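Since the structure comes first, as structure tokens, the remarks are kept for the end.
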Amino acid sequence: MAGAIIENMSTKKLCLVGGALLVLQVLAFLVGGLIAPKPTTSVDFLAVKCVDIRKSHHGAPKWLLPWGRDRCDSIRGFEEAASRLIEANDIVFSVHIPFQSQEMSPWFQFMLIILQLDIAFKLNNYIEENAMVTLDVAMAYRDELSDPWTELARSVEQRKLKCTFPVAQTTENQGRYYDCDVLPLIELGSVAHKYYLVNIRLPVNERKKINVDIGEINDLRLVTIFQNGGFTQVWFAMKTFLTPSILIIMIWYWRRITMMTRSPVLLEKVIFALGISMTFINIPVEWFSIGFNWTWMLLFSDIRQGVFYVMLLSFWIIFCGEHMMDQSERNRISVYWKQVVPIAFGSCCLFIFDMCERGVQLKNPFYSIWTTDVGAELAMAFIIVAGICACLYFLFLCFMVYQVFRNISGKQTSLPAMSKARRLHYE
């Protein structure tokens, strides 16, 4: 068995190995908790209302900057727009990421942007139930302030407004703001450029009922969330240090197993597979994302975590099952199909959900499966099914642990009556 390697080690060696592992664990917690900064940072941007008066908005894109030498013609509020006879279709909300005199960095790893609408209550312009806001949104990037903007993505997206008014909807309360849920806008799996520009237009078309009965939108706020560069560096360093250690231990373990006169048993193979999955999740391939624009890194990280957790959950099931000494059917993976099927099925559901979300975002970073009723119900269905599978797994595992302890307790009472060879076997 796998425990034979540990059993053959002296007490001194076991203490040294256990102490070394404990010290490494304490150091990892100290580095992660005391040295590394917090994992993520959020920055709030207030969009500037730019004026874009053109007969046609088709053709070559025109990028409107909120500040700088080429800053756009802007207005303070919609009262000024009305006095200047500027229509809603000619107003573009512009946000430059990051702030002036700052730069983005590939060390930030990802960028999530959520949208907050400041909607004022008006008796003649209230928010209808299940109102949808249509966003004509475009995003561009550049690496030097003198470079022209390069389009990253452009799309027309719809988001459902979920707003409540905290007080009575009366004349006295006109002008107060609704409490609205934030809306997902953009998710980038890589921050490969220094400067980003977001232009958002709220097109109005009364005949097609586009952006009608959505209230009086006064401002747009973009909240940008990204990983701290300092945290990324500490995280990469720890993975780079730990990966060779895990790899060496795994090779040493399998070499000791193959040196035995018998062939490896199922539990030993599963432990080795768990070590492979641990090595797979810890290999610091993220170093390449600093020099390459790998937008699929978030999806790849989810897949690596999924493989590791599938192996870990399967290991605990097989570990318990192989300790049932009186069980005649052992040392075969097919014996545990009832317990492994919920793990595999739940993992497939989560993988499909992830592909429907982050897989599509590789082509359209503005996409979110939660923005439509059908998509939200489908996503929730996948999550519920995965949760049911997790509950079934937990029940299976608890039952097997109970059986193991009952089996061990029964054998302990009958050990004195056994022969010496049989007693050593059970011990």
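Just so it is clear, glycine is given a Cβ too, placed from its N, Cα and C backbone atoms.
Annotations in TrEMBL come from automatic prediction, not curation.
Since we're looking at a predicted model, the values are computed, not measured.
Regional average pLDDT for the domain 'Wntless GOLD' (48-227) in the model is 88. Sequence annotations record features per position, and here TrEMBL assigns domain 'Wntless GOLD' to 48-227.
Annotation source TrEMBL lists domain 'Wntless-like transmembrane' at 228-414.
TrEMBL lists 234-254 (among others) with the feature transmembrane segment.
Same-chain residues lying 6 or more positions outside the transmembrane segment (266-283) and placing a CB less than 8 Å from one of its CB atoms are 1-2, 239, 242-243, 246-247, 249-250, 253-254, 257, 304-305, 307-308, 310-312, 314-315, 318-319, 322, 330-333. The transmembrane segment annotation in TrEMBL covers 266-283 (among others).
Within the chain, the transmembrane segment (303-321) has long-range Cβ neighbours (under 8 A, six or more residues past its boundaries) at 266-267, 270-271, 273-274, 276-278, 280-281, 327, 330, 333, 335-336, 339-340, 343-344, 347, 350-351, 354, 393, 396-397, 400-401, 403-404. Here TrEMBL flags 303-321 (among others) as transmembrane segment.
With a cut-off of 8 Å between Cβ atoms, the residues of this chain six or more beyond the transmembrane segment (333-353) that come close are 266, 303, 306, 309-310, 313-314, 317-318, 321, 369, 379, 382-383, 385-390, 392-393, 396-397, 400. Taken from TrEMBL, the feature transmembrane segment applies to 333-353 (among others).
According to TrEMBL, the feature transmembrane segment maps to 378-402 (among others).
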